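Asks: One structure coming up, written as structure tokens, with questions to follow.
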Amino acid sequence: MKISDKLLHPDWKEKVTYSYEFFPPKTSTGVQNLYNRIDRMKTWGRPMFVDVTWGAGGTSSELTPGIVNVIQTDFEVDTCMHLTCTNMSTEMIDAALKRAHETGCRNILALRGDPVKDTDWTEGESGFRYASDLVRYIRTHYNDEFCIGVAGYPEGYSPDDDIDESIKHLKLKVDEGADFIVTQMFYDVDNFIAWVDKVRAAGINIPIFPGIMPIQAWDSFIRRAKWSGVKIPQHFMDTLVPVKDDDEGVRERGVELIVEMCRKLIASGITRLHFYTMNLEKAVKMIIERLGLLDENLAPIVDTNNVELTNASSQDRRINEGVRPIFWRTRNESYVSRTDQWDELPHGRWGDSRSPAFGEFDAIRYGLRMSPKEITTSWGSPKSYSEIGDLFARYCEKKISSLPWSDLPISDEADLIRDQLLSMNRNAFLTINSQPALNGEKSSHPVFGWGPPNGYVFQKPYVEFFVHPSLLNELKETVKKLNSVSYFVTNKNGDLDTNSQYEIPNAVTWGVFPNREIIQPTIVESTSFLAWKDEAYSLGMEWANAYSPDSISRKLLVSMMKEWFLCVIVDNDFQNGQSLFDVFNKMRSLKDIHPELYYANAS
């Protein structure tokens, strides 16, 4: 989505917003670390956009579009791609714009840019001498395909710059077609506000995003201020010098200084904060949290025509997507990747399930984003099924924030069924996804609500879990006695058993809204379930492989992934939310049938 369109959207227009800048790392490991960081930062709340820098002289012309593609398509966060014209031919400019457009990126930050290190700037054959030339070229040849941003320099591009003259150059870029301004970093907030007043007086009325540089450490703070030529207010020095040899102290005091600066900006009516992250996250999170913005924008955008299921549209064709299988509820990026080649995405209902072919699960990109050390720190080294059950129970109690099948903490809606989930997991019915019954909750409800205002939302109770083979027959027989309950069961090989009609979707979430058809955003369906099981078992095997080959934990988890069944149960009687869990109250548990398996170490 274009930044200019977002700024007009009611979910963004009146709010304080934030956005991030990242730069392309030089190694593949660095790139993966960046993706992991973005994945974490996305859970804080919804950034308006993420921008990715362009190397001097086009040195990252391959890497920058690739990173933009992953952020836009896989993480479903709207992007803004930097594009410089230094040492760039017209063909290179067109190629970069084409790649950006293909990924769904509709925002370009047009810059002159610096020459490659140890070379002088020369005007290329393309005739791009200034950023205004690039803005004119994009607007002339691509019309309104892109929202174009330009740089603003509140303290001048260099220390000797005439500010009034630089504002004239800024006005030229705006006249050529720029839609928004991202400014150079600064610390003198009073000077910045005065500069904004001058910009407005010059007839420049497009949105301004102030560039906020968090203070991470003393040396980097001084180096960046000197490099960019910005003024450091005396009270910054008075606050930081006493702790300059203490990185934690500098970060803590630096956060307070930046928070104070942001509050002053917001009070003056400047509400679009743009963070230069330097590919780091801790200080940025501290600032956002202390500004009271953490998680504030996490709810999905709802416009007047469509209900979007994701934080931002990854591609224009996903804007109207309205239905997804529930299995990927906590693994959105993987679902987008596996459906990226679909010609049509379901909108009002889930279509013929025989038509879409899910792509293969990309375990390298969408597998566990943790090192073996991080896995053992987070999940320990379980040595029995009882210990695994306790681990899953701790996730349901919010004592740990993730499991292999969910990168996110368990949702607040699960509080309604927490006791039932705890009982299931401690009896070795290992739950990886669930939702409680809802019967006409207001669409504005802070936990359960979604969709347009003045509506009502409904849910069928649903639970997905792994079960030991010795319990499978008893499970199916118990379910069959409850006419309202449907089940789907498969093993690692994909042998499916169900008491439902094959390939017929079962809506498990729906909403009723004024002047609208009923919206059914999540479903359960057999073909999707079989596609999901490949991913579910793969994630479990990745967890196992984090331990040494001869370890008890490795053997235990491998055995579980090879032998246990993956089950989904839906109670179609959503007015009776307890009957689904009555299934497990009527059953024996693994520790009842095989205590030697439940408590014993793997051999």
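Backbone N, Cα and C define each Cβ position, glycine as well.
Values in this document were obtained by computation on a predicted structure and should not be read as measured data.
Swiss-Prot lists Glu21, Phe22, Phe23, Pro24, Pro25, Lys26, Thr53, Trp54 with the feature NAD(+) binding site. Under the heading active site, proton donor/acceptor, Swiss-Prot lists Glu21. Here Swiss-Prot flags Thr53, Trp54, His82, Arg112, Gly113, Asp114, Tyr130, Ala131, Tyr153, Lys173 as FAD binding site. Summarising the annotation, Swiss-Prot assigns substrate binding site to Asp114, Gln184, Tyr276. According to Swiss-Prot, the phosphoserine annotation covers Ser355.
How buried are these features, and what lies next to them?
Replies: In the three-state DSSP classification, Thr53 (NAD(+) binding site) falls within coil.
Listed in sequence order, Val50, Asp51, Val52, Thr53, His274, Phe275, Tyr276, Thr277 are the same-chain residues six or more apart from Glu21 (NAD(+) binding site) with CB atoms under 8 A from its CB.
Classification of Tyr276 (substrate binding site) by DSSP places it within a strand.
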Asks: Hey, which of the binding-site residues Lys26, His82 is the loneliest by Cβ count within 10 Å?
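Replies: Comparing Cβ neighbours within 10 Å for the binding-site residues Lys26, His82, Lys26 has the fewest.
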Asks: Based on the record's binding annotation for NAD(+) (Glu21, Phe22, Phe23, Pro24, Pro25, Lys26, Thr53, Trp54), what whole-number value in Å is the widest Cα to Cα distance?
Replies: 16
Asks: Determine, from DSSP, whether Glu21 (NAD(+) binding site) sits in helix, strand or coil.
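Replies: Assignment for Glu21 (NAD(+) binding site) reads strand.
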Asks: How many other Cβ atoms are found within 10 Å of the Cβ atom of Phe22 (NAD(+) binding site), counting all protein chains shown?
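Replies: Step by step: centre on the Cβ of Phe22 (NAD(+) binding site), count other Cβ atoms within 10 Å, giving 23.
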Asks: List which of the binding-site residues His82, Gly113, Tyr130, Tyr153, Gln184 have their Cα within 10 Å of the Cα of Trp54 (NAD(+) binding site), in sequence order.
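Replies: Final answer, ordered: His82, Gly113.
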Asks: Of all the binding-site residues given, Pro24, Pro25, which residue's CB has the most CB neighbours within 10 A?
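Replies: Of the binding-site residues Pro24, Pro25, the most buried by Cβ count within 10 Å is Pro24.
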